[in-house]
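Per Swiss-Prot, these features apply:
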type: BINDING; residues: 33-38, 56-57, LYS64, 78-81, VAL300, TRP448, 487-489; note: FAD binding site
type: COMPBIAS; residues: 1-14; note: compositional bias 'Low complexity'
type: COMPBIAS; residues: 236-252; note: compositional bias 'Low complexity'
type: REGION; residues: 1-23; note: region 'Disordered'
type: REGION; residues: 231-267; note: region 'Disordered'
Amino acid sequence: MSTTDRVTTPTPTVSGTDAPGPDASHCHLVVVGGGITGLAAAWQGMARGARVSVVESDDHFGGKVVTDRRDGFLVEQGPDSFVAYRPAALKLIEELGLSDQVIAPGGGRRVSLLSRGKLRPMPAGMGMVLPTRMWPFVTTTVLSWPDKIRAGLDLVIPRRLPDHDVAIGAFLRQRLGDGIVRRFADPMVGGIYGAGIDELSLDAVLPSLRDNERDHRSLMVASLAGGRASRRAARQRAAQNNAQQNSSHQNSTGQNNSAGTRGPAASPFRTLRGGLGQLIDALVDQLRAGGVELLVNTSVDLLGRDGVHLSDGRVLPADAVVLAGGVASSARLLRPQLPAAARALAQIPLASTTIVSLAWPVSAFDVAPDSQGWLEADAGPVSGLTASSIKFAGRAPDGSVLMRVFVPDKRGPLTDAPDDELLSAVIDHVRPLLGVHGEPGLTQITRWHKVMPKYTVGHLERAAVVDSTLAEQRPTWAVAGSALHGVGLPDCISDARHSADEVIDAALAATPSAPNRNAATDRTETR
């Protein structure tokens, strides 16, 4: 049982593409789903001045973002980081006043690949599919020489891509051969999207490959050129930063520190010092302080013309609705009134995965681990391992190493095995690769069943049906989150804020001068 009370506080300060539009104080926005997408939509609605309600069926907010703290360990049960080159997550973090809590990966070697039975270093400059540096690619032991020679034929193969969408795997095999697909593209791209490379959509997942073939013909030429441009831009930024730092230092001490060091390329990944759950906690606290109605243990039965029908019998009057509860939930709620959109959503396949967290004392290892983990190109039940306490600071007590092992359903049935069988198989799999002895001091199993949308061939067409149906028939409703427009944390946040703006603007356009008749509805609910 809890009580949500409305208090008056300033709305968040936002800028750029997320800047508030026309005043929405007469608009009631209902957000279905209290994961990161739903909370970000609520944050944007609050910034617009709208009355906002968030309805979550679970007993907590955050969805797949769950941070568990116990015995000195910080265990992420869902995502553990986000990419910094997509700004939506960092922007939201700044608005929440958490910028000083952002951390980057620490020391330790970069990710390795389990290929042909051995852990091998990822070649420097390797992107998700293609190399951005030639020599590390030529000398890598991940690929055999026949695989490298076949990949090199891309330099002379003519353009072959059809106008329609195709599987990434089929396209890459045609240009680069099977080796680079199995050893690089499938573990890296498939690992992110929870699907095999031979079912993932080129146009939805890696549309830049189509552009590269059109503009350069050779994918290798395009990638190497892009790598050179990126390194040149990085050097220019570093020179500018050094000049600014030297100028500041010289002004204060009279000395010139012009000699610099050339370090490794910065990681694109970021997280929060207290885990990604810190982001959820801050959102919930500030939304509650801003008067947003936050409901847990409450599901939505129906989207009606009179409002949002809740499982407890209440009806929330709604001028605008953002559906952020996932593919299955959104399809169910749209089906009575928008069957075409519901069918398109239901056609998006969903993947399952299990995360097994393990911790050993450093003394249990033959050699103290210094790698941030590995991906697996070889066949087997595990897709990869992340050494959480090496990747990010503050994840384990001194003298311990915390790791997360990923067991997706695309790798076989082990993900659904009983806990004892799953745990035994995972430990037996990673033990010889880690050189670790004894039983782990911490074990934790987190199962995510049918929650990861797979962007298979034709995904953009399915997404277009959903978007166009809503725009034409229910412009004050939107579907947001990982189902349609991107699976990463920044993608979900950006989509949520854009969706909130769209439905609020549509509601204001429908009744531009009419105050919300339900504005006086009691904002305090006890459950």
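Placement of Cβ uses the backbone N, Cα and C atoms for every residue, glycine included.
From a predicted model like this one, the values you see are computed outputs, not experimental measurements.
Features per Swiss-Prot, on structure.
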residue: GLY33; record: FAD binding site; contacts (Cβ under 8 Å, 6+ apart): VAL54, VAL55, GLU56, GLY63, LEU323, ALA324, GLY325, GLY326, SER329, GLY481
residue: ILE36; record: FAD binding site; contacts (Cβ under 8 Å, 6+ apart): GLY62, GLY63, LYS64, VAL65, LEU279, ILE280, LEU283, LEU489, CYS492, ILE493, ALA496
residue: GLY78; record: FAD binding site; contacts (Cβ under 8 Å, 6+ apart): GLY63, LYS64, VAL65, VAL66, LEU276, ILE355, THR446, TRP448
residue: SER81; record: FAD binding site; contacts (Cβ under 8 Å, 6+ apart): PRO105, PHE269, ARG270, THR271, LEU276, LYS391, PHE392
residue: VAL487; record: FAD binding site; contacts (Cβ under 8 Å, 6+ apart): ILE192, TYR193, MET452, PRO453, TYR455
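Under DSSP, GLU56 (FAD binding site) is assigned to coil, being neither helix nor strand in the three-state scheme.
The number of other CB atoms found within 10 A of the CB of GLU56 (FAD binding site), across every protein chain shown, is 25.
Under DSSP, ILE36 (FAD binding site) is assigned to a helix (H, G or I) in the three-state scheme.
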